[in-house]
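As given in Swiss-Prot:
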type	residues	note
BINDING	HIS110, HIS113, ASP120, HIS211	Zn(2+) 1 binding site
BINDING	ASP147, HIS150	Zn(2+) 2 binding site
DISULFID	CYS44-CYS265	disulfide bond
DISULFID	CYS187-CYS235	disulfide bond
DISULFID	CYS216-CYS223	disulfide bond
REGION	227-274	region 'Disordered'
SIGNAL	1-19	signal peptide
Amino acid sequence: MNKTAIALLALLASSASLAATPWQKITQPVPGSAQSIGSFSNGCIVGADTLPIQSEHYQVMRTDQRRYFGHPDLVMFIQRLSSQVSNLGMGTVLIGDMGMPAGGRFNGGHASHQTGLDVDIFLQLPKKRWTSAQLLRPQALDLVSRDGKHVVPTLWKPEIFSLIKLAAQDKDVTRIFVNPAIKQQLCLDAGTDRDWLRKVRPWFQHRAHMHVRLRCPADSLECEDQPLPPPGDGCGAELQSWFEPPKPGTTKPEKKTPPPLPPSCQALLDEHVI
């Protein structure tokens, strides 16, 4: 499938969630042992943790949206990564969307983030902590040139390279989505230590943040993992294909309704949403 078709499918998957979803009516995590259920783009979570809003190592953006819930493994990853970044004197980690209290489909902006295993992290590390006003209305820093072919040299910093690398080297991380131009710059900067690049995947948009995805927890028996990324650093022909013009004759795919929920997620909705 060419990149234009993939982009249209991704847009449809995201826009399908623009209507209000019943998951928004669940305002607190569902009690129980932590269980991620279903797939990243069609699932839910029982026993989600709340990411502590106050931390010396990170700051949480858009708290009014209440998207700071996730599997305990995700909360621990954020705390682990931000502590590493702080210990290296790199700055404060800016945390974007995680998931809703019970996971599930958003009403816009994300097709995934449904099982408590995804988090968006800004690709900037301020030395001075942001104010409450800045956190509620964050200003993203677009690192990619207008033509989409490379990063903006004056904005690309070694600390951002290190942030992505630290995240990719974490044992629980299975994928990190960034803009193709950012992946390209990582390939140029990586040197001989390249194993971690396999986890960094080019994807549409993602010009100012990275989308980190964790593997399914071993005890979440109904969680559906993705296949591992292809072998290698992903810096060759696959990456270059993202910079090629779309093939002529690409047709817009038909709009699809969301797939049925996993039975456990449907049962959760039936019990907790009137």
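Glycine residues also receive a Cβ, built from the backbone N, Cα and C atoms like all the rest.
When secondary structure is read from DSSP and collapsed to three states, HIS211 (Zn(2+) 1 binding site) falls in the strand class. Cα to Cα, HIS113 (Zn(2+) 1 binding site) and HIS150 (Zn(2+) 2 binding site) are separated by 27 Å. Counting every protein chain shown, the Cβ of CYS216 (disulfide bond) has 21 other Cβ atoms within 10 Å. According to DSSP, CYS265 (disulfide bond) sits within a helical segment.
Cα separation, ASP147 (Zn(2+) 2 binding site) to CYS187 (disulfide bond), rounded: 19 Å. Looking only at the recorded positions CYS44, HIS150, CYS223, CYS265, the one with its C-alpha closest to ASP120 (Zn(2+) 1 binding site) is CYS44.
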